[in-house]
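Right, one structure below, let's go through it.
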Amino acid sequence: MPKRNDIKKIMIIGSGPIIIGQAAEFDYAGTQACLALKEEGYEVVLVNSNPATIMTDREIADTVYIEPITLEFVSKILRKERPDALLPTLGGQTGLNMAMELSKIGILEELNVELLGTKLSAIDQAEDRELFKELCERIGEPLCASDIATTVDEAVEIADKIGYPIIVRPAFTMGGTGGGICDTEEELREIVANGLKLSPVTQCLIEESIAGYKEIEYEVMRDSADNAIVVCNMENFDPVGVHTGDSIVFAPSQTLSDNEYQMLRDASLNIIRALKIEGGCNVQLALDPHSYEYRVIEVNPRVSRSSALASKATGYPIAKMSAKIAIGMTLDEIINPVTNKTYAMFEPALDYVVAKIARFPFDKFENGDRHLGTQMKATGEVMAIGRNIEESLLKAVRSLEIGVFHNDLQEAQDADDEILYEKMVKTQDDRLFYVSEAIRRGIPIEEIADLTKIDIFFLDKLLHIVEIEDQLKVNIFEPELLKTAKKNGFSDRQIAKLWNVSPEEVRRRRQENRTIPVYKMVDTCAAEFESSTPYFYSTYEWENESKRSSKEKIIVLGSGPIRIGQGVEFDYATVHCVKALQALGKEAIVINSNPETVSTDFSISDKLYFEPLTFEDVMNIIDLEQPEGVIVQFGGQTAINLAEPLSKAGVKILGTQVEDLDRAEDRDLFEKALQDLEIPQPPGATATNEEEAVANANKIGYPVLIRPSFVLGGRAMEIINNEKDLRDYMNRAVKASPEHPVLVDSYLQGRECEVDAICDGTEVLLPGIMEHIERAGVHSGDSMAVYPPQTFSQEIIDTIVDYTKRLAIGLNCIGMMNIQFVIFEEQVYVIEVNPRASRTVPFLSKVTNIPMAQLATQMILGKNLKDLGYTEGLAETPDMVHVKAPVFSFTKLAKVDSLLGPEMKSTGEAMGSDVTLEKALYKSFEAAKLHMADYGSVLFTVADEDKEETLALAKDFAEIGYSLVATQGTAAFFKENGLYVREVEKLAGGEDEEGTLVEDIRHGRVQAVVNTMGNTRASLTTATDGFRIRQEAISRGIPLFTSLDTVAAILKVMQSRSFTTKNI
């Protein structure tokens, strides 16, 4: 049926800040949906609290609210906007849960707002374990034996009935939060206790474990006329038991017989029809490899991470189609935008293999628990396309940017057999490398299949890779074998290693005998119909489908997989760069490897190459396209790291030149530049070994800030207070980059701020200065940032503007740069300069209304600020106050310490804007899910050096009616100063937690925790009390503060919202 004309205004709820389990795929889906609805003539109102996304740009919807996704604010917006309808299935679990809450309180009914797409009853049926079980029993679809537990004892009883191993799944949590596999009653008790706490309805599903079954996913679509199709089916390399977001995934499925494929396809369509889903839906199934037995694992009645992957894998835009189905259109009347001929009813067919590998944050969190289970831990993912499994897998491996270019890992090579077996059996993020190593050592693949439950078909492909390696070692420079290796995804670097020559030599030989890649089109129909999508992947075959146009071309390098330190903000800048290039009449070509993002939507750029961001893969595209130049400023450190090798190969780098990038990144050159420009920086020195570092630190004076050069996201950076800790650091952490020296700086504990600037070579524009709430020492990405600054004198602001201009001109910056300053004793020092777009670009672009990445792109292409109507200097400051707050994913990462420091730990950000600082802070805390109760108890456990400062905060808490709880030392200090405080027992390093503060936290007797213990290295073992207290607070969902500046900020909010009661 045609689209509905009885509704005019539609509201969409976004997914909020990026956390593990809910990442950039919802920016992509939401952006697509908003544009699809606008295209059909509807007025779109968007609510989302995440400033880092394209989705929250003004032009994506008619009205955009960057406000917290809470009942309080969404209700306000509903009353103000009065939409006819609400579309909740595009904002991940956040959007769904919000729609449920709005429906429950009756506001949708009161305002006569209709829910579009899948009905709430269907969402309930899919999400509520008990209802879903009833539905599956009714339609004859098999589920795992299971029961619901609302207490730990009930869970034990159920488990005894079903038999171990048991899987625990808390109801209504995202990304498997709080769940896990239990082999014993002890494990069960622990996991269920935590799961019940995290489940909003205090329920856990206790079910039989089918670990070892194959995990298969079907991405399906259905419309209101009951047309239903399979868009894509996918198979996990890892058997059931690893969260699909953490698994290696292949599309289409590889090991299913036709009967198995049809059986599971029928089951998926049966379920989506029974649920009456309207739009996209993801069905996960488990198949017994030894029979036709299968189980339905779960259904996601919404657009998901898998649907983003399926969209990019097939070219079929699921979110866009879902939005059109929601307004009443049917699959047989929506044209497929890829072919522009076939209808959306036509199931995509693939003539290639897609591999997805997850990207994990364990390079940042060395102490994190790397074991993979039913709780998701990956921050992002990469996807690669090839003509066979070997090619797509190896391309995906080198897309990960973890320093490997093949499925071999030094640690795996160094492991003895015992460790190797252990790593194969215990699923970790790096298991692929250990399995590959086992095959290299001649362990039969049958034995590996038995141990790991990985299908022997996949292991045979890994064996094939090893066989090619063995042939390469003995047949050096053999042209036919070189072709075979390239067809199977081998990189030049890997072949060079096996031949013992340089990668340049392999590239030269390849070009001599014309072993060069061709580019194939992703067209949804396996080349059955003409297709016009400019979406390509490389492979070593005959016919090249990517035709070079006569237009002036520019290549933009994307930022690869999302990880801590390099998030969706860089994708945002990439997309804006593309828009600016198109506006200037250039052909914009994007190279990227991330399936979750907007930049890899083929409708964004003029041409999209889905390829790894390595020198070889990028260079092959440059050879074909012959662009005017390459832009590296917007792809984070990934793109910046490619600037030098590309430039050496004769490629023109547009914008700031390589030697100037070096002057900002190389310590000695940077110091010289600052001296020439007469700009102060904290005293510091470089050291290449331990003794040099110690001598430097003694000269500068402790505390020192120490880090390797050339890093993003504060990798391996620490604040060090004495020589013992310094020696420990030099022995433990400097493996981060052996050929680069270590930087030792004086640590100035002042106020920090940062500036993004745009320069055309002669003039410099500063869109704004952002003041950090947390003092220097907390990574800028983990600090709350306030714009405009609230505490700086005019003199300080003038100095910052002056230094920024000097640096931009002095470093010959063309385009964007980011500078971080610290203000110590009213003197401004420069901490660091990044000659590229930074993670604050989206936030600052939105609050100043200056399209920074687009402007910078125009500068890179030779335009100047004056011509574009901008005056140099600091842009005018708006009346509102805006706060950017970091958002963390600690609940998903066991054994990772949440104490903030110079190493970045946040996965996303939220924003709050209002007329006063207090109101903006309140919104940003709410948006970041840091909700403080109006009254209750606050627990203080602080280091000795923080006690004085904590006293004032404690007094403020008491003043607004909070009770104070503290451990012995802190309590005594509070009492001496006239405060009433309840004393609790410390942990005293023992296991017995009875009567201690941990018990208080566990039983909800504490509403907030202020904890600064463990800042010094001496106590950084994970067993420290401070760490255990922080873990407990996080697992209980209790607001935790490890920086006193954040506490002061939230107190400001609470004071502004409470009335004081004073006697006269």
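Glycine is treated like the rest: Cβ placed from N, Cα and C.
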According to Swiss-Prot, Arg707, Ser746, Leu748, Glu752, Gly777, Val778, His779, Ser780, Glu832 bind ATP 2, and the residue from Gln790, Gln820 that belongs to that same site is Gln820
Note: in the chain of Asn834 (Mn(2+) 4 binding site), residues six or more apart in sequence with C-beta under 8 angstroms of its C-beta are Ala664, Met817, Asn818, Ile819
Model confidence for the region 'Carboxyphosphate synthetic domain' (1-401), as mean pLDDT, reads 93
Grouping DSSP H, G, I as helix and E, B as strand, the residues of the domain 'MGS-like' (930-1064) number 59 helix, 21 strand, 55 coil
Counting Cβ atoms within 10 Å of each Cβ, the densest environment among the binding-site residues Gln284, Asn300 belongs to Asn300
Rounded Cα distance, in Å, between Glu298 (Mg(2+) 1 binding site) and Glu832 (Mg(2+) 3 binding site) is 48
Cα nearest Leu748 (ATP 2 binding site) among binding-site residues (Val242, Gln284, Asn300, Glu832) -> Glu832
Cα nearest Glu215 (ATP 1 binding site) among binding-site residues (Asn300, Gly777, Gln820) -> Asn300
Per the 10 Å Cα distance test against Glu832 (Mg(2+) 3 binding site), the binding-site residues Val242, Gln284, Gly777 reduce to none
Glu208 (ATP 1 binding site) and Asn300 (Mg(2+) 2 binding site), compared by Cα position, are separated in whole Å by 20
